[in-house]
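Working notes, structure below.
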Amino acid sequence: MDLIRGVLLRLLLLASSLGPGAAPLRSALRKQGKVGPPLDIILDALNCSAFSIQWKMPRHPPSPIMGYTVFYSEVGIDKSLQERSYGVPPGLDTPTSGRLDHQMIFEEVIGDLKPGTEYRVSMAAYSQTGKGRLSSPQHVTTLPQDSCLPPTAPQQPHVIVVSDSEVALSWKPGESEGSSPIQYYSVEFTRPDFDKSWTSIREQIQMDSMVIKGLDPDTNYQFAVRAVNPHGSSPRSQPSSTIRTARPEESGSGRYGPHYATDTEAGEDDDTFEDDLDLDISFEEVKPLPAIKEGNKKFFVESKMAPRPNPMTVSRLVPPTPASLPTTAVAPQPTPVDRKGKHGVAVMPRLFDTSCDETVCSADSFCVSDYTWGGSRCHCNLGKGGESCSEDIVIQYPQFFGHSYVTFEPLKNSYQAFQITLEFRAEAEDGLLLYCGENEHGRGDFMSLAVIRRSLQFRFNCGTGVAIIVSETKIKLGGWHTVTLYRDGLNGLLQLNNGTPVTGQSQGQYSKITFRTPLYLGGAPSAYWLVRATGTNRGFQGCVQALTVNGKRLDLRPWPLGKALSGADVGECSSGICDEASCINGGTCMASKADSYICLCPLGFRGRHCEDAFTLTIPQFKESLRSYAATPWPLEPRHYLSFMEFEVTFRPDSEDGVLLYSYDTGSKDFLSINMAGGHVEFRFDCGSGTGVLRSEEPLTLGHWHELCVSRTAKNGILQVDKQKAVEGMAEGGFTQIKCNSDIFIGGVPNYDDVKKNSGILKPFSGSIQKIILNDRTIHVKHDFTWGVNVENAAHPCVGSPCAHGGSCRPRKEGYECDCPLGFEGLHCQKAITEAIEIPQFIGRSYLTYDNPDILKRVSGSRSNAFMRFKTTAKDGLLLWRGDSPMRPNSDFISLGLRDGALVFSYNLGSGVASIMVNGSFNDGRWHRVKAVRDGQSGKITVDDYGARTGKSPGMMRQLNINGALYVGGMKEIALHTNRQYMRGLVGCISHFTLSTDYHISLVEDAVDGKNINTCGAK
């Protein structure tokens, strides 16, 4: 604008200096008149600190337009003091005159304004005649501050080390994305041992996970993330945990791929500032950002099309203003090259005649130069597919189409030796299956596996010559094959389908291979350059079902769920496998392999299509069927906060798998019991750190084992069979565990959702016959509420061997029958025909009474009981009546033996009285015992021993009980007696009298009983 004013001033001075001869010039200037105001002015508030102004040039200007000026000031403030102006000089593409120039739309963005403030705006054009007429003032108000909030900080990023120079980074958005959707993320890093500030990677990352390359080997790093929306950047996230890149000898990795500038910055929370560092850092985005999935989001900040219907639009962007809004660039239409995948999904990359510098690919795709056909192609990112890469593809068994590939971290600890097993199905005679090497072009060290004319070729080079090992048999197209590669130094081996191994040897003396590139599966982005090394420049066509490297099976799903870091144009081999599945009775279909499925049958159904109904007795779990069962916690979570104990009897068929698992959705709390490498592991977390207890000895597979795990506060105990008990402690200061999920048995519904430190990797394979939680038995028939593909184990109890309503009690590989009253024998097959006058009890026997005349004599303010008994066991219950279920400080009355002594106990609601007569009353002889209570006072007399007395604490005097009366034992005795007694009487009872004169016929008056036989001699 100063330039324009200077030109006009010099013209006027020149005219005046010419004197009278200049009159015609001055007259000509006056005749031309002032330029009119710009037309069709539109104001629009963009954000809190900027507005846009659009206009058309004045109609029929008398002379060419030399520029525009926008005048703006706050409404309500003295205009002469506050008015500001912004000059718009003419650009190369700015029309200045012409018949159609008035149709052009101009746009400018005015920034650095106050939030929520009303501005008065007008503008004028400049020409040779000077400033034109001002437009009529218009008003515009910037958006209020609360509508222009930046995002909150993302969650703490999770980092895993990929190699000596690479890490994989993932994160989740923060609590709020601010007032507008997140546009991109920025990543920062620091080296705690060297740096005093954070270095920013100057890239706009439109993902929520990435692989960062080019880091220093054997170096500590921390990473942080910021989220950016149109209103600004979030604070820095909580820094990641400190990780250390691998040493070069541990893991080869190259600094490959595009490199990007870095920026060392000092933020609001930094104490120091350093100059930019010349760090060679690159990144690879591996997962699309959900907020920008649709359409082409490749942003161009150079221009912005005005949102007007007129096709002729000129636009500019003011660089300092943060209000610029990016637009979608339109890519040229590619040459149509179509190929349909196995299930009809278009997968052939689009071919362009232009180079990647000029090609604009759609969102979720990237450009690669095509050296074979010329031009370039847009490839879909891993997990994306379809014509415009807009379809989500869930990848479990990757499908390749000749131009696809998947990348994994470079081969680790493999420079001297490695073993790789691959299960695949080929659809074409040629194609690259595996490649990993020193560089992307096959020069120097490498290994590869390729299908060449239906033969498999395993090649490797230690640096001085290539070994080529060719399978003796050819593969069958469309059939599944398993190939194993093994190399140790110069020597290599290839084995196809368990056939005769073929061996070979590389040339020269070098025996180690440096691996720096990713491990490529199904092809490689540089396959064109690999033909000399690998024998083919074609990608693999077909499916891969399993890949195992050095004994560890790789999860082929995209990271972070699996190990696949990136890829191109990958499909899912099992897609559509369930379309024609017929799972009935509530079963659901899922792919079990690349070309087969299983039905997830609900509890009580089994079979290929869940067609077979059955009664579950002894559950059998199978990893191949994704089995699991679930049961709710018997009581509220508060009952298990500080103490829990599980007793489990199980038979493992595999060295790994989850036995029990439960967790809290709102915290880090969990507990898990796993088979891990043949050992039992008990893991638990109170919210501040995980405790891990591991059995000292491995378990014998195919045999029954007894397990007991307990936790008191943050202390745990693990006991397996007769092994030495293992004790351990959880980390941190928290001491309680709250689990609001069900208890999962034998597996879980989703292995991706388990707690990070739970150790849960796969389902349990084997049988579980008993689970007891805090003395409460978890019954398969009644307590298992849901689950899938749980079948019956091969166990005698499955065949219901107990007759006449007897219940089968499994005892590892054997069993016992609990017989109802009136039956006896190994299988309860024998009816008791004679009346039982003196019942015999076996430790798991009992008699139950619910007659009101009996019950009222064992309650109230007074009680009087007499019994004659004999026993050979030191411990056993004689009599019990209490609330059902028992609660803390519940009323009860009991009589029994503990370590040979007789104990009379009762609680009236204010505390327990326990009166004991010491002795050895388990001598097998008959003894008489009398227990009397009058209010709080109690007395017990045994044989001719002197009486022992006692008194209950507190003020309560009445015995208020709602439960039945049990003699000789009871159901779940440890649970219902709060562990006062662990077993019933082993012996006989001949007399039972209440209230001194109310004689009870022990068997005849009983309403129920178990395992009652006739005692021998009186």
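Backbone N, Cα and C define each Cβ position, glycine as well.
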Candidates C808, C817 - disulfide partner of C797 as recorded in Swiss-Prot: C808
Swiss-Prot annotation, disulfide partner of C361 among C378, C380: C378
Site from N47, N918 that Swiss-Prot describes as N-linked glycosylation site, others unannotated there: N47
C367, C378, C573, C808 screened against C1015 (disulfide bond), Cα within 10 Å - retained disulfide-bonded residues: none
Among C578, C819, the one of these disulfide-bonded residues whose Cβ has the fewest neighbouring Cβ atoms within 10 Å: C578
Pairwise CA distance, C828 (disulfide bond) versus C817 (disulfide bond), rounded so that it is a whole Å: 7
Those disulfide-bonded residues, out of C367, C543, C601, C610, that come within 10 angstroms of C361 (disulfide bond) at the Cα: C367
Number of other Cβ atoms within 10 Å of the Cβ of C601 (disulfide bond) across all protein chains: 28
Protein Cβ atoms within 10 Å of C361 (disulfide bond), excluding its own: 25
Helix, strand and coil counts within the domain 'Fibronectin type-III 1' (37-145) (DSSP): 8 helix, 48 strand, 53 coil
10 Å Cα neighbourhood of C389 (disulfide bond): matching recorded positions from N47, C367, C378, C543, C573, C819: C378
CB within-chain contacts under 8 A for C589 (disulfide bond), separation at least 6: I577, C578, A581, C583, Y597, I598, C599, L600
Three-state secondary structure, C828 (disulfide bond) (per DSSP): coil
Closest of N47, C380, C610, C797, C817 to C543 (disulfide bond), Cα positions, recorded positions only: C380
